[in-house]
Amino acid sequence: MMSPNQFPETRGGSHSTTVRRTPVQIIHIIGNFMRVWSVYSMYRYLSQTGASVVLFIFSCLVPSSILFLLLQKPWKGRPLSNTQVVPSVINGGITALYFILWGKGLQSCGPLRVILAEYSGAFLGVLSAVLYGRRGHIWKKVGGLSAMLASFYFLSQGDDPGTEVYTEEGLGIRNMLFPVLAGVLSALRRVISRRVSLKNQLKRRLHAITITSATCFLFPVAMWDMIIGSTEIELPFSAWAFSSTVLFGIILIFYVDSIAEERLHMVFSSPRHLMVAAGCIIIMEIVYKMDFSLLGFLICAAILGFGIYEATSLDHTRKDALQNSDLSNAVFEDQIQMSPLPT
């Protein structure tokens, strides 16, 4: 027989779970805010000085890779197999290409568009549905893809006051290709890291190898860029732009997103993650006094969030089914434990 206090206890357990997750949610919000702040400081530095974006990113990756190696020590502990190291090195090449496209997108489109375009990695959800998903969910994902494309199109029609080229006309959809492709590559490197290892500790060790290999892949590109532009561009140093990009934009955000994925089950390309980033963007747009339309931004962010939700609809279905299964199992176990003994 079921106890009458069973469902209140279930609600109490849910409340305690929410309380336990609150510190992690606060850490996630603060970490993303600092990361968005680093992007805006980097954009301000690059737009005011005309510095090379590839050189700047490479100069930030060098200390970041050293810090990751010192923190994770991939050479210690259980030896890593070639089936783990080789994909991580290949992932470093993808990461280097991601940084190049992301930096070019930041330079041409501005921080608002490049941050929102990072969520274009949900395109991979549509591809997975076409290849491996159920046919009933394909149309939902296609609808989500259409909504995402519409939001990026609306973003491309705005003006960017930080550049000297696109002040009278919209940016154009072609300039949005750099950050959109960077977002897809960012999602691809996350997928590869999950495929290589599902254990967080091992994933962090392999991430140190990935960032180090990305630095090595980016080295010849940065040297070539320095040779080509060294006679025309001076590189004044900005301590805040450099340190914030290293500490918050590369290192801290990795651990924050890892904790959020482990504790909150919040992946990067998700509407909840987008909502946090959108709030941080609004604050930074006001602080940096950018040409910002709040209503237009909210409309584009809402369309993008809807598109992401529909593009990952199959994942939501599986997650809800798993949660319902866990809840039903918990209720069944409570019924067994609380059933009266025979007299």
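Each Cβ is built from the backbone N, Cα and C atoms, and glycine gets one as well.
Matching 32-49, 176-193 against TrEMBL, the residues noted as transmembrane segment span 176-193.
When each of the listed stretches 114-131, 205-227, 239-260 is scored by C-beta pairs under 8 angstroms to the transmembrane segment (83-102), 205-227 comes out highest. It is 50-71 that, among the stretches 50-71, 138-156, 176-193, forms the most Cβ pairs under 8 Å with the transmembrane segment (205-227).
The stretches the transmembrane segment (50-71) and the transmembrane segment (176-193) are not in mutual contact, being linked by fewer than three Cβ pairs under 8 Å (pairs 6 or more apart in sequence).
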